[in-house]
Amino acid sequence: MLFEDRYTICFTKFMSSSLNQCFVSFQMDLRLLSIATLLGILCFCSAQQEGSDCIKANAQSCGECIQVAEKCGWCTDTDFLKQGESKSARCDELQSLITKGCTKAKIENPRGSTSINKNKPVTNRKKDMAEKLKADQITQIQPQKITLNLRSGEAQTFKLKFKRAEDYPIDLYYLMDLSFSMKDDLENVKNLGTDLMREMKEVTSDFHIGFGSFVEKTVMPYISTTPARLLNPCTSTNNDTCTSPFSYKNVLKLTEDGEEFNSLVSKQQISGNLDSPEGGFDAIMQVAVCGEAIGWRNVTSLLVFSTDAGFHFAGDGKLGGIVLPNDGKCHLENNMYTMSHYYDYPSIAHLVQKLSDNNIQTIFAVTEEFQPVYKELKNLIPKSAVGTLSSNSSNVIKLIIDSYNSLSSEVILENGKLPEGVSITYKSICKNGWVGTGENGRKCSNISIGDEVSFEIAIKSEKCPPEGNSETITIKPLGFTENVEIVLNFICECECSKDGKPLSEMCHNGNGTFECGACRCNEGRIGRLCECSTDEVRTDDLDANCRKDNGTDICSNNGDCVCGTCECKKRENPEERYSRKFCECDNFNCDRSNNKLCGGHGRCECRVCICDANYTGSACDCSLDTSTCLAANKQICNGRGTCECGVCKCTNPKFQGPTCEICPTCPGVCAEHKDCVQCQAFETGEKKDTCKRDCSYFNLIRVKDRDKLPQPADQSYPLSHCKERDANDCWFYYTYAVRNHTEREVYVVDTLECPAGPDIIPIVAGVVAGIVLIGLALLLIWKLLMIIHDRREFAKFEKEKMNAKWDTGVNPIYKSAVTTVFNPKYEGK
């Protein structure tokens, strides 16, 4: 059975073709059987490593154990622990506990769960239905309430379904900048109520509209505070009458009467201020938080913000001496914002929070000039849109319709603040099967009315809250009023703890509660069986007995001080252990080589490697065998280095290679000895005058021809063959060798090979013949070119001659030389 278990594990984890063949035909070869068994042991060890987190947590109770990780279990068998083992050994990975002898029935391993408390189906509502449902009767998200029981490290996953309901009620509040530059825009908005009502009837039968206006804070330097300008801030040159400046005014509460909207808006007058940015953020904050005054219902809420200028934000109030931050509360009296001179402008983050809390979607209708500014603002405010407003607001209805369609076609989920240690992930399954993960898992786009999308949500807790109390969070689609309530219950204790026996005699005379197979000590008691009292001996004294050399580490940080004695921690690998009085030694923290403890050539004792024979070094990675350093000539490192740990260390830094045989920067043996060989053998060269003084360091042996030179294969020492050239371009051949590390020998061929001199006559004859031939060729070419040129000229002349035309008319000044005279008397007789 042992081999079959190993076979199964290895087959799962090593699905290579070689192993498959190995296991199928394991009877063929005993060696293959051994390899398979070895792989099985490795797999088993790998599985044991997975439980390391459970062991290292040093859990003292079942509750502490199950909070470490979802893979950790607690053995409740009272006879599970072996002698010397601490309570923390009960906490381990499930398979490891079974391997150690704990039965499945004795392992406490609670799991999390998910239950749905409220699951009202989404509403299938049609616009033309006779029965009209109220907003609170419409359901667009399912389920509505869920309870999760969370085990530390174990995620609980559930699915949410969202479906856009048809004919869903809409509230739209139109917030308009009434500074002087918006004068022409006001004229086009005066009929907005009825026109927008007519268009929105195509979307919903339940539509409410409201109107508000804003200008600026009523303090310097935002407006002029002179009495005349406070009454009429418009310049006198335009002969315009403007209303007094104000911060924000709620003109019309949300209503379904479009005619009332037109009537009240028609009565509005523009105002004026000094600086270009407007105080729109003050107005947006009041619209968001003054729900009762505005008339917001629990339906789709749209805020249309119309302006042709930028905006002030938090910090700008200091220009007017206003330093108190905006409190985010409603301050409307008689529909006028009365605290603009007291509170600063809100920050963008503050606006985002309030708009989200009140499910308000914002549409910024701004002119082309300020599009870039508000597009950047849109990126900071979820569920908002930006539309380009024409210079006189003539396209405002189309802008609102388009922006509403854009906003309502996207659903983005948002969750409330999560308890500490709790995380949440989203996965969206959108239209046409598109799947989003990460941040894209929160949203789906291009959703039409009646479309249904779903989200898979996973919630995981990494630890229990301090008191273990339940927490409640909400998940809602941005811009919608509905949400999902999620109750989080945390599994912080095991079921077996309910059956615990307080003051049990099994815990040293009732000094603890016996639960889940172990003692949970009362306060002031410690030890495996609560046998030690912290009151009997001062804690400092107890700890002092567990400190080595009066140090600061208790049991070298590798164990627990129990009643003044170190109880060393147990490792998940039974072969690894701490030892000695203060747990200061171990057999697994020695140096490693090739990822093996002590290089696989020794044993680890108290963090020091005890090497096998023929090995040395801190990790036993230094072999004393010199066979790997032998060069081809049977010398160690070619006589140019020493053999250390089986590797040549060249003494001359110029040499390198496995046996110091390579010298990339050396000029070469041949070039080094060329001059000395030349002067001794032929009495020529640069050193012929100092030959005896400089070149007597080798023995010169002459040979008749190159075949007599010694060959490298015949020698047991380094030998170099050389071919060099002297000043007369003659070649000479020799060999250089070092025998017995000291004796240098040079064999040289005593005959020079000189090249024959050139034959002058053929060279001169060739040069002369070449010059003559080149001259004749040039003459022939010139003659040929002249013939071609003459023929072309003659042909041109003939062509012009043939094309010549001579005039045959009579010359008007020509008179003939002949004169004819007739005799009048002549009668022809």
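Heads up, the Cβ atoms here are built off N, Cα and C, so glycines get one too.
According to TrEMBL, the protein has these features:
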type	residues	note
DOMAIN	53-103	domain 'PSI'
DISULFID	Cys54-Cys494	disulfide bond
DOMAIN	61-494	domain 'Integrin beta subunit VWA'
DISULFID	Cys65-Cys102	disulfide bond
DISULFID	Cys75-Cys91	disulfide bond
DISULFID	Cys234-Cys242	disulfide bond
DISULFID	Cys464-Cys722	disulfide bond
DISULFID	Cys492-Cys496	disulfide bond
DISULFID	Cys521-Cys530	disulfide bond
DISULFID	Cys611-Cys620	disulfide bond
DISULFID	Cys643-Cys648	disulfide bond
DISULFID	Cys645-Cys691	disulfide bond
DISULFID	Cys650-Cys660	disulfide bond
DOMAIN	670-759	domain 'Integrin beta subunit tail'
DISULFID	Cys676-Cys754	disulfide bond
TRANSMEM	760-782	transmembrane segment
DOMAIN	783-829	domain 'Integrin beta subunit cytoplasmic'
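Annotated features taken from TrEMBL, shown on the structure.
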{"residue": "Cys65", "record": "disulfide bond", "CB count, 10 Å": "26"}
{"residue": "Cys242", "record": "disulfide bond", "CB count, 10 Å": "21"}
{"residue": "Cys494", "record": "disulfide bond", "CB count, 10 Å": "23"}
{"residue": "Cys496", "record": "disulfide bond", "CB count, 10 Å": "17"}
{"residue": "Cys530", "record": "disulfide bond", "CB count, 10 Å": "23"}
{"residue": "Cys611", "record": "disulfide bond", "CB count, 10 Å": "19"}
{"residue": "Cys650", "record": "disulfide bond", "CB count, 10 Å": "19"}
{"residue": "Cys660", "record": "disulfide bond", "CB count, 10 Å": "24"}
{"residue": "Cys676", "record": "disulfide bond", "CB count, 10 Å": "21"}
{"residue": "Cys691", "record": "disulfide bond", "CB count, 10 Å": "17"}
Checklist entry - Near Cys722 (disulfide bond), how many other Cβ atoms are within 10 Å of its Cβ? => result 20
Item to check | Nearest recorded site to Cys722 (disulfide bond) by CA-CA distance, among disulfide-bonded residues Cys65, Cys75, Cys91, Cys643, Cys645 | outcome: Cys643
Next on the checklist: Could you give me three numbers for the domain 'PSI' (53-103), the DSSP helix, strand and coil residue counts?
Outcome noted: 19 helix, 7 strand, 25 coil
Checklist entry - Which of these disulfide-bonded residues is closest to Cys754 (disulfide bond) if you go by CA atoms: Cys54, Cys494, Cys530, Cys611, Cys691? => result Cys691
Item to check | List of residues, in chain order, with Cβ under 8 A from that of Cys521 (disulfide bond) and at least 6 apart | outcome: Cys507, Asn511, Gly512, Gly527, Cys530
Item to check | Of the disulfide-bonded residues listed as Cys75, Cys611, Cys620, Cys660, the one whose CA lies nearest the CA of Cys496 (disulfide bond) | outcome: Cys75
Item to check | Spatial neighbours of Cys648 (disulfide bond), counting only the disulfide-bonded residues Cys65, Cys75, Cys660, Cys676 and Cα distances within 10 Å | outcome: Cys660
Checklist outcome for this item: One of the disulfide-bonded residues Cys54, Cys492, Cys643, Cys645, Cys660 has its Cα closest to the Cα of Cys464 (disulfide bond), namely Cys492
Item to check | CB contacts for Cys648 (disulfide bond) [other CB atoms within 10 A, all chains] | outcome: 25
Checklist outcome for this item: For Cys492 (disulfide bond), the closest of the disulfide-bonded residues by C-alpha position, picking from Cys65, Cys234, Cys650, is Cys65
Next on the checklist: Most Cβ neighbours within 10 Å: which of the disulfide-bonded residues Cys75, Cys643 is it?
Outcome noted: Cys75
Checklist entry - Between the disulfide-bonded residues Cys102, Cys234, Cys464, Cys492, Cys620, whose Cβ has more other Cβ atoms within 10 Å than any of the rest? => result Cys620
Checklist entry - Looking at the disulfide-bonded residues Cys102, Cys494, Cys620, Cys676, whose Cα is closest in space to that of Cys75 (disulfide bond)? => result Cys102
Checklist entry - Which residues in the same chain, at least 6 apart in sequence, have a Cβ under 8 Å from the Cβ of Cys645 (disulfide bond)? => result Thr616, Gly617, Asp621, Cys622, Ser623
Checklist outcome for this item: Within 10 Å of Cys91 (disulfide bond) (Cα basis), scanning disulfide-bonded residues Cys54, Cys65, Cys234, Cys611, Cys650, I find Cys54, Cys65
Checklist entry - Can you tell me how far the Cα of Cys234 (disulfide bond) sits from the Cα of Cys676 (disulfide bond), in Å? => result 110
Next on the checklist: Using a 10 Å cut-off between Cα atoms, which of these disulfide-bonded residues sit near Cys676 (disulfide bond): Cys54, Cys494, Cys643?
Outcome noted: none
